[in-house]
Every structure is written in C-alpha cells, then in structure tokens.
Amino acid sequence: MRLLLAGAVLLSAAAYYVYLPLPSGVSEPWKLMLLDALIRRGLVEEDSDVAHALGVCHRVHLLNQVVSWVEEVEARSCSAVHVSDSSLGGVPARVFLPTAGRRLKRGVVYFHGGGWALGSARMRSYDSLCRKMAEDLDSVIISVDYRLAPEAVFPDQYHDALAASRAFLSAPVLQRYGIDPERVCVSGDSAGGNLAAAVAQEVDRRGRNDTLPVKFKVQALIYPVLQALDFYTPSYQQNRAVPILYRPVMARFWLQYLGADASLEPLLLANNHSSLDQPAIGADARSKLDWTALLPAERKKHFRPVARETGSPQVMVAVPELMDVRAAPLLAELGALGATPKAYVMTCEFDVLRDDGLMYIRRLRDAGVAVTSDHYEDGFHGCMAFAFAPVLSSVGRRSADNYIRWLDQNL
C-alpha cells in the first residue's frame, strides 16, 4: 500500500512538472510537453542560464554541448547511401550520396535550424532526414554546418550559406557528385529556411553568368523565420506560450544573430523598435509585412496590430541589420522575389513563425512565383524533427513525407 501511494505521489509530481496547457489542436501534446519539460524546465536550459549568469560560459555553448552529446552521430554509410563529412565552399558539410539509381541525380543543399546559434548537420534528426531524402529521391543531399552565434554573427552565417550554395552550383561539384544541373534545390528549416530564402534571392539576383551558369530549380522552406520588425503578428500573439519556440526566445535568437545587445529584448517584444516614428522604416517597408493585408482572414482571427506611435529610435540605430533583406528576406522587393525559383513553404498553426511563412507565400505569389503552401493545422515549430524515433509523431511523419513527396514531384 505504501509503495502504491508513493508511486501515485511520484507520478502526480512528474505530471505536474511536465504538464503545460496547450491548444486543443496540437498533435500528440504529451510528447511536446515532455520535450519542453526536458529542454526548458529541465536541467538543460536551467543549467545553461546559471552557467551564463556566473560567467562560466555562454548559455549557447552549454546547450550545444548537450546537443552534441545527446544528438550528434557519426557519418555512417549503409547499403543504400554513402555518408561522409566533407566541406563545401570551405564550409563543413555532411554529404549523403545514393549508391545506386540514376547516373545523374537530383541535388539538394540543406541548412539546419537552431536560431543561427544551435544545431548541426551531424544531429540525429537531420542525419535521419537527409538519409531518407537521399534514398527516397535518389538525390545527393549536402547538409551544411555554417558557423554559429555567438562567435559568428550576421552576415557570417549568410556568407557561409552563400559560399556553400555557390560551390554546390559549380561545375566541379556537380560533376564530382553526378548531380543534374537542371535539378538542384536549396532548402532549410527555421533559421535554415531563412538562409535558404536569402540565398535563393541572391543567387537569382545575380542571374546566370559565366562564373555561375546554374540556378536553383526550386526552393523548399520549412517553417522559416523571415522578419524581426513585428513580434505581434497573429501567430506571435496566438502561440506566444506554445513550445518549442517561445516568443521571447525568438527575439533572443534574433539579437544574437545580429550581434546586438541582449538588453534590447524587451524593446523588440514591445514592438518599440518598429514604432511609427522610426525614420528608417518607411511605408514601403511596412507594406511588406502588413499582415492585415497579406494574411488570409482565417489566420488573422480576432487579433489586432500593435504599432506604437512612439518608440525607441536607438534600436534601429544600433541594429540597422533588422532592415537588411539578407537577414529578413520578407523585406525584399517584388522584383527580387520574382526572380526566385518555384517554391514550397511549410507552415504550422501552432508556431510563432507561421505568419512569416504565410506572408512570404503571398508576396512570392504577388511577384509571379508558383508556390505550394503546405500548412499543418495540428503542427508546431520543429515538428518535422518528430518524423523519426525516439520522438516519432503523426504530424512529424506526415510533414516529412509530404515535403519529400513535393521534392520528388517538382525537382
């Protein structure tokens, strides 16, 4: 009887620790709660914050060490896919090369997520995804390990992504891996989706020329982050407390990426940095992220814009990169967007970045680009990582399968 009572108490305590109120539509919420408890309310994030406060190391370093210990896997080949660690344009990368199939193969250059500060192509989730892509698509997949914050700040990550992409599109690399130059794709998730969008704009802005005659056939963006001027879009308001990407965490990632002072976080979260009295943000720029005009009615719901009359002008002076289209691809001109390739954009209902992706879809279409919008009503940020064990979920598997199916049909 005592053992039963003790077990009941421990189970209740564990449930209390793990439980987090989530919207009713989230796919398999207990799996998401458990992951959130391990990351945010467990030792991982708490210890990293303590270490940062004590000056032992930056919180990102400890988080990355834990990720490396738990998630990183060696480059192991199998009968279907040869896997190796290499470099692309001087940037570390993991290469997934099918051992059979067509002589000329499709090619995908992929950028992982992690707020430009976390993650690696060597993580189990990305390794599993790229293996599946290589085998299912009979495609060469090159997953890039760009530099990370805080040691590297914008535009370092962008420059790494661009250097890797330009190398990927070069004749020597295409010939080395047997890639069909007419069937190449740039892709990424979250912060990697940001890099993929920025790279697609830059590569196609330059156009075909003598040094880089090959262009991407398609771009595939998975819940991308695309702007940092409005932290009160409907999705930021609706999902501010939904894991795994909380609203304040995204602001923190932006400040780290742009090399800005962390003390500016409250100003970003209040939209003080994009107040109406900011001379650096004109009407044209505001129209590019005016969600009242760009979002469908079912996503706007009952939410209202938050535009301060007066704000904190020192933010835009200190962080002019907030307006740089290489960091915020949503701010690109229609002409630049119109030169980019056919697109796939995945969005999730319970993700603060949902509206970044939906606004980009609308602006790409307005620019004449063919776009497939793949929206998951039960999805959350990072859900595609749940496509593989040990955190397999229905929305994770569906999203990964549909992403790969789209590439198969369009690349």
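Note: Cβ is positioned from N, Cα and C throughout, glycine not excepted.
Heads up, TrEMBL stuff is auto-annotated, nobody curated it.
Record features, source TrEMBL:
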type: DOMAIN; residues: 108-269; note: domain 'Alpha/beta hydrolase fold-3'
type: ACT_SITE; residues: Ser190; note: active site
type: DOMAIN; residues: 320-384; note: domain 'Alpha/beta hydrolase fold-3'
type: ACT_SITE; residues: Asp351; note: active site
type: ACT_SITE; residues: His381; note: active site
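Positions of the features from TrEMBL, shown on the structure.
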residue : record      : CB count, 10 Å
Ser190  : active site : 29
Asp351  : active site : 27
His381  : active site : 26
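Between the CA atoms of Asp351 (active site) and His381 (active site) there is a gap of 5 Å. Put simply, His381 (active site) is 8 Å from Ser190 (active site) when counted between their Cα atoms. Look at the domain 'Alpha/beta hydrolase fold-3' (320-384): DSSP puts its residues at 27 helix, 19 strand, 19 coil.
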